[in-house]
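Visitor: Here Swiss-Prot flags 1-672 as topological domain 'Extracellular', drawing on an author's statement. Feature annotation from Swiss-Prot assigns disulfide bond to Cys287-Cys368, Cys330-Cys352, Cys332-Cys337, Cys438-Cys458, Cys624-Cys634, Cys628-Cys640, Cys642-Cys651. According to Swiss-Prot, the domain 'Disintegrin' annotation covers 379-466. Sequence annotations record features per position, and here Swiss-Prot assigns topological domain 'Cytoplasmic' to 694-952. Per Swiss-Prot, the feature region 'Disordered' maps to 778-809, 829-938. Annotation comment: Swiss-Prot describes 798-809, 849-873, 925-938 as compositional bias 'Basic and acidic residues'. Among the features that Swiss-Prot reports, compositional bias 'Pro residues' is placed at 905-914.
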Amino acid sequence: MTDTLDLKLSSRRQWNPVRCPVRLEVDGSAQTPTSLVQTALNNPSFDLVIAAPNGQNVYIPFTEDRKLFTANIADDPSTSSLISHCHFEGVTEDGRHALSLCDPGEITGLLMTQTNRFGLSTSNNGSFVLIPYVENNCDLGSLVHSSSRKKRQIGKQNTVIDRNPSYIREHLDGRKRFVELALVADYSVYTKYDSDEKKVNDYMQQTMNILNSLYFPLNIRITLVHSEIWKKGDQISVIPDSKETLNNFMEYKKIMLKDHFFDTGYLMTTLKFDEGVVGKAYKGTMCSYDYSGGIYVDHNNDTVETVATFAHELGHTFGMDHDPNDKDVCYCPMPRCIMNPQSGHMEVWSECSVKNLASGFNRGIDLCLFNEPGKKPSDAKCGNGIVEPGEECDCGPLKCDNHCCNGSTCKLIGEAECASGDCCDLKTCKPKPRATVCRAAIGICDLDEYCNGETNDCPADFFVQNAALCPGKENEFCYEGGCGSRNDQCAKLWGPTGKNGDENCYRKNTEGTFHGNCGTNAHTKEIKKCETENAKCGLLQCETQAERPVFGDPGSVTFSHSTVYSSLKRDDKKFCYVFKSAYGGLNAPDPGLVPDGAICGEEQMCIGQKCHKKEKISKVTAQCLDNCNFRGVCNNVGNCHCERGFGGIACEIPGYGGSVNSNEAYRFRGITLSSTFLVFFCLFGIFIGGLCVYYRVKRKRNLVSEWWSVVKKKFDLHGDLVPVRKAPPPPYAQRIRQSFTAMWGEDHSHVAVAQPAHPRNCYNSCCRQPPRFDPPSIPMVTLKNPNLASPTPLLNPAEKEEQNQERATHQHVELYPVAESFRSDSAASFNTRTGSFRPNVQPPPVPRPSDDVLSKLNEDLAKEKNAKFDRLNKTLPLPPPLPKEKPKTASSTSLRRNESIRPEQAPPPPPPAHAKPTLPTKQPKVSEDAAATEEKVDVRSMAAIFDQKLKK
């Protein structure tokens, strides 16, 4: 979108020019700054003589330049009082000289010579000085010689001056073009000039005066048709980001276009942009509704240097690129030219800049530059076929068959909005819709142009960047909109069977004959011989099966063929067909020659029948950012022509395709790759969801579960098999105990309540007690049915009878102790508390080892732990004798089984008796499931099953 190499402040050393004192004279009288300003106010024209100390005298006739602004600005009540008629121009053989005499302290001028440029200003003592901008000397050069010419001869110089570089005359067509410019000064400029509106207007007109001197050699006239000064603050966001500021101003420019017509618009500011940027502009967008314009910084007190920055950015709008540093690639007659990437005193156009400008004119970038601004409507001639100021349309001198235009008044009819142009729909008399193709591509290296829906004109012609690969081709390059394909050119001349000839055929181009050459001189008709390095760029050598060419009129073409051999055996004969027509000339090459862009060596391509390095061509070609992110191609002015769905200078943002030069290519963004995937997955999800609902409702199947089962089985998916330990039951929770017959599938469970080891309210540290190890409790079995005998313990008949009688006398549920093991003749018994078998026979006693064995074990243990071991060989002393027993008294405590000896003193008094808690009168609640299970218990069958399992 924008110039990728912005104009930046020069990093070269500070320029310290000499100051050349001069004396100015008018009509033989010496002038002071005040008297010169007074002379300019009283005389619309005067002859100025510049006298240098070295005796050189220069004569320049100056005339007031009233074409710097149009009549609409002078007639505007808000600006007419601020227009100063103090800007003069003088035309000589060396160019256009500019002089502004609005204030004695602000005199500014630009004087041109063939080899130098001088700035005219005043010194502190009130005298005049010349400041050289190119050669640091005071030699006025060619100005001295031109002063000998007569006044009437100099005054007639109103066209391109002969002293301009020769390449300007070679590339430009000599037609004069007019640029209608809108210039806006932001609030920072207004404050810089003391918030004085008149000073700002004088400075803007002074800028236009010097700008016209710089564009005068190119035969381009720039006129200020609209100006604005933001006196109450900026109307847009002016920030250090130059790119964002440029985009903001382009949006504001569209608002200005609603009330004022102009070709391009620029914003002037004093704000310093990031990275030292002093100017930024869109490239190749002159006459564009959306992007014709730019911004620049008033960065220097020297007006000439600031205007050079303005001229640089305006050159980008014309399609000019930065000058390369290689003088062999791009010729510049002075050390620095205007399109140099670094700012400074640059007042000359390089050969590359002129070529870029001529290329833009050939593509129609100047379609809006032929109407002369300031021309009065009364000067227009209705019926001449040219839309002039004051006319809305002009359908020519003959009968007007355009129903959108009134041929007698040259006005639009009714609600018509346009009457001509490639983007005007003559059926509706309105601009064609946006993204309508108005100029189709004529080859693979050309690009389509589109209407923007706002204007009736088609954009200028743009094409693929020079030296870029032809789309879809290998080793064939684009140049000036054409593809350098030898095969395609041969097929164009000879039909479908035509293709590039053998490599040996091109050796004939060094002979300079009809069968091989590098073209013919258009003036002398002399056949030119190719140099050896250019042999592949001369006459196109084709291979075909056709008898004659299919291109051109038979009377205007000539063809022939020759024979070559690729080996010494002469058994592989090749035919080389050549073509010559009368269609070639000065401006168009002969179609029988090798097309520009054809490969002629490694990283080399043909241009103008000469083989050039591709790198040399790329140096003078505008480059695109980031290779357009592989979403488009780079056009000839360095802007990306994007695919559908993308936009921006590098196709990095969503957009409508196309480019800022060719306009948007589509009316809607279309479906991008990301949106395609999004829509696909959404539709797929809806389909799967509907299918699952259908199977769930209609066929009672869960497709998700079935699919997941198949996936787990197919890919062997499973979770981590980590055993999970069950948490212990909470306090006072019911604990279910299984019967020992549960392992055989007979579960006789009962429910018991676990009592806490500590009081419920002991949670604080003060209530904590040391652990207490109680003896194991006796398992209890709850029996509800008194008619069923307890499975344990096994009782003899007498005990069973006593037990039955006791059950008969008690009606409530009782708890019976369960023995730890069965009293049977079996080898082992089952422990209902621990759930394990224990042997019924006591284990044999283990005898105590002897003292020697124990001593040996202790010694080994001491060695293992590196401890000292002392063997005791001495006899241990005998224990003291027991005290004699005293005779028993009445108060003495008798021994019980000689287990302990009571102390002689009386025992302490017993603790006070506490009332025992009353037993609950309500019977404990027993689970109904457990009761139901107990009713089915059969002790005999259980014992039989148990014995059977033990036998196995």
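From the backbone N, Cα and C atoms, a Cβ is placed for every residue, glycine too.
These figures come from a predicted structure and were not determined experimentally.
I'm curious about the neighbourhood of these features; can you describe it?
Guide: Note on Cys287 (disulfide bond): other Cβ atoms within 10 Å of its Cβ, all shown chains, come to 19.
Neighbour density for Cys330 (disulfide bond): within 10 A of its CB lie 20 other CB atoms from the protein chains shown.
Taken residue by residue with DSSP, Cys332 (disulfide bond) is part of neither helix nor strand, so it is coil.
Mean pLDDT of the predicted structure over the domain 'Disintegrin' (379-466): 88.
Following the DSSP three-state reduction, the secondary structure of Cys458 (disulfide bond) is coil. Spatially close to Cys458 (disulfide bond) yet at least six residues away along the chain are Gly364, Gly421, Asp422, Cys423, Cys438, Arg439, Glu449, Cys451, judged by Cβ distances under 8 angstroms.
There are 23 other CB atoms within 10 A of the CB of Cys624 (disulfide bond), with all protein chains counted. The DSSP secondary structure for Cys624 (disulfide bond) is coil.
Sequence-distant neighbours of Cys651 (disulfide bond) (same chain, 6+ apart, CB under 8 A from its CB) are Cys628, Asn629, Arg631, Gly632, Cys640, Cys642, Glu643.
Taken residue by residue, the compositional bias 'Pro residues' (905-914) breaks down under DSSP into 0 helix, 0 strand, 10 coil.
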Visitor: Counting across all protein chains present, how many other Cβ atoms fall within 10 Å of the Cβ of Cys640 (disulfide bond)?
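Guide: Its Cβ shell of radius 10 Å holds 29 other Cβ atoms.
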Visitor: Between Cys287 (disulfide bond) and Cys330 (disulfide bond), find the distance joining the two CA atoms and give it rounded to the nearest Å.
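Guide: Spelling it out, the Cα of Cys287 (disulfide bond) and the Cα of Cys330 (disulfide bond) are 27 Å apart.
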Visitor: When DSSP states are grouped into helix, strand and coil, how many residues of the domain 'Disintegrin' (379-466) land in each?
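Guide: Helix/strand/coil tally for the domain 'Disintegrin' (379-466): 1 helix, 16 strand, 71 coil.
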Visitor: Can you tell which of Cys628, Cys642 has the most other C-beta atoms within 10 Å, given these are the disulfide-bonded residues?
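Guide: Its Cβ has the most other Cβ atoms within 10 Å: Cys642.
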Visitor: Which disulfide-bonded residues are spatial neighbours of Cys352 (disulfide bond) here, meaning Cα within 10 Å, out of Cys332, Cys624, Cys634?
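Guide: Neighbours among disulfide-bonded residues, in sequence order: Cys332.
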Visitor: Of all the disulfide-bonded residues given, namely Cys368, Cys624, Cys634, which is spatially nearest to Cys332 (disulfide bond) at the Cα level?
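Guide: For Cys332 (disulfide bond), the spatially nearest of the disulfide-bonded residues is Cys624.
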